[in-house]
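Structure record follows, encoded as structure tokens.
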Amino acid sequence: MNILAIESSCDETSAAVLSNGHLLSNIIATQLIHEQYGGVVPELASRAHQQHIMPVVERALLDANIAKTDLSAVAFTRGPGLLGSLLVGASFAKALALGLNIPLIDVNHMQAHVLAHFIEAPRPPFPFLCLTVSGGHTQLVRIDGPLSMTVIGQTQDDAVGEAFDKSAKLLGLPYPGGPLIDRYAKAGNPLAFRFPLGEMPGLDYSFSGIKTAILYFLRDNTKTNPDFIQQNLPDICASIQHTLIQMLLTKLKRAVRETGIRHIAIAGGVSANSGLRSALTQLGDEQGWTVYIPRFEYCTDNAAMIAMAAQFKYEAGIFADQTISPLPRLHV
Ligand code: KG4
Ligand code: ZN
């Protein structure tokens, strides 16, 4: 069974081929055009997807050494994401499935981030908890089976990736700033500055407060010392990152207490953060959890995870028809 999967929910055009559960290729074209605007510009994103999709798909098939006529199904990201971006992937997948007369499979992008853990060993057993952290989402998910997921906590405002990117912007760093904060933080003291951890009830998160706190902190300090940011960049980045990680892990600990589930995974773009990866590993050792951290290339947006999710749907006999359309606000 050969599945071709397409991911185009935001600013990455990606295609992957999965053959009987083995990943044969995973091609990702990143759109660099957004950097100069300090964020993803939806109209430019969909145009770039249109330019990239053909070569990316061709390359994925070539690397996998699979002919179009050998495909068993075509999968695509239905949502959540930017409508214009989703439309490019959905239209392409629909046309290809129709042309080849093979099944079409729609995939939920957030479920796919979780299912990225099944691309290679170690694969978590069910049930497990997953902290899904990306530029658009921050969720605590309970996973009882590949197609059975429940969100047990989530952000009520900004996503944690947004908090990273907006903090970076306040520091004058280019978009996307999350990886840059990570890089500067490595040379800084995480306890140099303190930011409020916020107080949200239950398993929910809120990241809008910390953004405001950082804004005032920088404004006050640059008033007396205009070079404050340049002189303290590693310490500021390390302190921001430390605060965000503490917020994430405090609720994760609570989720473990409440559910009794001790197999813990992270997923999504922010799970590429080196501070989060090491803090979670350490916490897992302390608490006796088994921790699952995906390889870097399966953390940020990629079609390999879409292919993996599609395989589970294929096995369950769940297919889409040609009337399907993207859903920018699709929930888990
Ligand atoms: O999952 P993803 O690729 O796209 C969405 O579905 O949103 O996540 C992108 C987010 C961005 O906010 C980016 O800054 C963040 O992941 N990110 C990081 C790191 N790598 C990516 N944040 C912190 N540290 C990183 N190393
Ligand atoms: Zn994503």
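Glycine too: its Cβ is placed from the backbone N, Cα and C atoms.
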Given TrEMBL lists T132, V133, S134, G135, G136, G178, D182, N273 for substrate, the same-site residue among D157, D158, D165: D165
Annotated companion of H109, H113 at the Fe cation site, TrEMBL, chosen from D285, D301: D301
Candidates G136, G178, N273, namely the binding-site residues, that fall within 10 Å of H113 (Fe cation binding site) by Cα distance: none
Cβ atoms near N273 (substrate binding site) (within 10 Å, other residues, all chains): 26
Distance, D301 (Fe cation binding site) to N273 (substrate binding site) (CA atoms, angstrom): 14
DSSP three-state assignment for H109 (Fe cation binding site): helix
For the Fe cation site built from H109, H113, D301, further residues of that chain with CB within 8 A of the site's CB center: E7, S9, T77, M110, A112, S134, G268, N302, M305, I306
Number of other Cβ atoms within 10 Å of the Cβ of T132 (substrate binding site) across all protein chains: 25
Filtered binding-site residues, from T132, S134, G136, G178, N273, D301, whose Cβ is under 6 Å from an atom of ligand 2: S134, D301
